[in-house]
Amino acid sequence: MRATDTIFALSSGAPPAAIAVMRISGSNAFCAAEALAGRVPESRRASLALLRDAAGMELDRALVLVFPGPNSATGEDLVELHLHGGRAVVRAVSAALAAFPGLRPAEAGEFTRRAFLNGRMDLNEAEGLADLLSAETEWQRRAAGAMMGGAFSRRIEQWRQEVLVLSALTEAELDFSDEGDVETQNNHKISEGCKKLHDAIRTLVEAPGVEKLRDGLRVVLGGPPNSGKSTLLNALVARDAAIVSDIAGTTRDVIEVPVSIGGMAFLFLDTAGLRDASDDRIEAIGIERTRAAMESADILLWLGEEGTGPDRPHLVEIEAKADDPAHQRKGSRAVKVSAKTEEGLAELVATLTDTAKELLPPPDQYATNARQRDLLAQCVTALAQAASAEDWLITAEHLRQSRLVLDALTGRAHTEDLLDTLFGRFCVGK
Ligand SMILES: Nc1nc2c(ncn2[C@@H]2O[C@H](COP(=O)(O)OP(=O)(O)OP(=O)(O)O)[C@@H](O)[C@H]2O)c(=O)[nH]1
Ligand SMILES: [Mg+2]
């Protein structure tokens, strides 16, 4: 793989489709367009052209768009061919391009990698783009859009500038202290500045991450056998995902059902009923899994006797089977539901979405991923050390460290491994 090759790939979805978009990027892109279309059309304007291969055989009548670098998506000369989206058309045009000297099929994420290397986007924006392409819910789309739009990167750049100012002040102190140990007001300015920055970044590190948005909030249904967990799960996800029966111990394994409610992703988990099952090995294993699932829950819907569930936040007491006169009563805090008549179901869903809004990164806040949080946490540590150091030399060094991690965050400082991992997440053509 060479970064100077001209690359091409189908950038639209799998054919057949109405239109297939083939992208070509690199120094030979315009030559390839000229060879296929007979001319290089006017920049940034859609032009209709008859495409032919090297032997003069007609391939397709297509729209051709050319974007001269460096003001293109990849930062290189870029061509888009909007073809008729049939499999044979795409295959024939791909073959004609592959036959062209200096052209080769792109690898996964290679267009975006070039955009990054050419300074068209930074790492956070590239990660936002990857998230946007895989977004399935409204909240995922909004968070990814904010990340891709560069709002987060601008905030990082602002913090980086603040660190630079603090570093400059520290350097001045260093010079000054050579000439005699005179306290200046800079002293206060530096430690206050470090603390302020430290607090701002720590708030972001502690805020909910993007993973919850992506994987869905885990809502676990727990309680004794026959309490109505599986029936309630089926009602919540509006399909018969779990087997229901009046035999206690029907559910033996954890059943996971992903759903989107109110634009947010949830993962519902039905579990084996909790009871003493020492004489049934398989049920005992199921109950172990129930306990693990309950521990991993973001929200626990508790169908057991009131107050007997684990002591944890976001436990919702459920008074199930409300339509059954003989059902187990609970206090006024409980959500009263009947999976049979659907009484109380809307209220339960509202409780879930309200809790989700507390647990998920709000649309107006940055949803950071593990890489970003890890680096931000390192920055927080470095700033705390910078603020508390007794020696200007040490403060200067910790400030330098915090700037380096902010550089790593945007990709100003990056490693090839990191790029391989990130851009490997993309599909071919992106
Ligand atoms: N009347 C009424 N019966 C219900 C309701 N929900 C569940 N049941 C009945 O209660 C019995 C047990 O329901 P399940 O959903 O299988 O209970 P479970 O908690 O999943 O039980 P295990 O899988 O054994 O742990 C079944 O006979 C259901 O038809 C309800 O809302 N109203
Ligand atoms: Mg069940």
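Each Cβ is built from the backbone N, Cα and C atoms, and glycine gets one as well.
Because the structure is a prediction, the values reported are computed rather than measured.
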Per TrEMBL, what member of ASN187, ASN226 joins SER245, ILE247, THR250 in binding K(+) at one site?
ASN226
Near ligand 2 by the Cβ criterion (under 6 Å), the binding-site residues from ARG120, LYS229, ALA248, THR251, ALA272 are LYS229, THR251
Work out, from DSSP, the number of helix, strand and coil residues along the domain 'TrmE-type G' (216-357).
37 helix, 31 strand, 74 coil
From binding-site residues GLU80, ARG120, LYS430, the one whose Cα lies nearest ILE247 (K(+) binding site)
LYS430
Cβ within 8 angstroms of the Cβ centroid of ARG23, GLU80, ARG120, LYS430: which residues besides those meet this for the (6S)-5-formyl-5,6,7,8-tetrahydrofolate site?
SER11, SER25, SER72, ALA73, THR74, LEU78, PHE111, THR112, ALA115, GLY429
Other residues with Cβ within 8 Å of the Cβ centroid of ASN226, SER245, ILE247, THR250 at the K(+) site?
PRO225, VAL244, ASP246, ALA248, GLY249, THR251
Binding-site residues (ILE247, ALA248, ALA272), the one with most neighbouring Cβ atoms at 10 Å:
ALA272
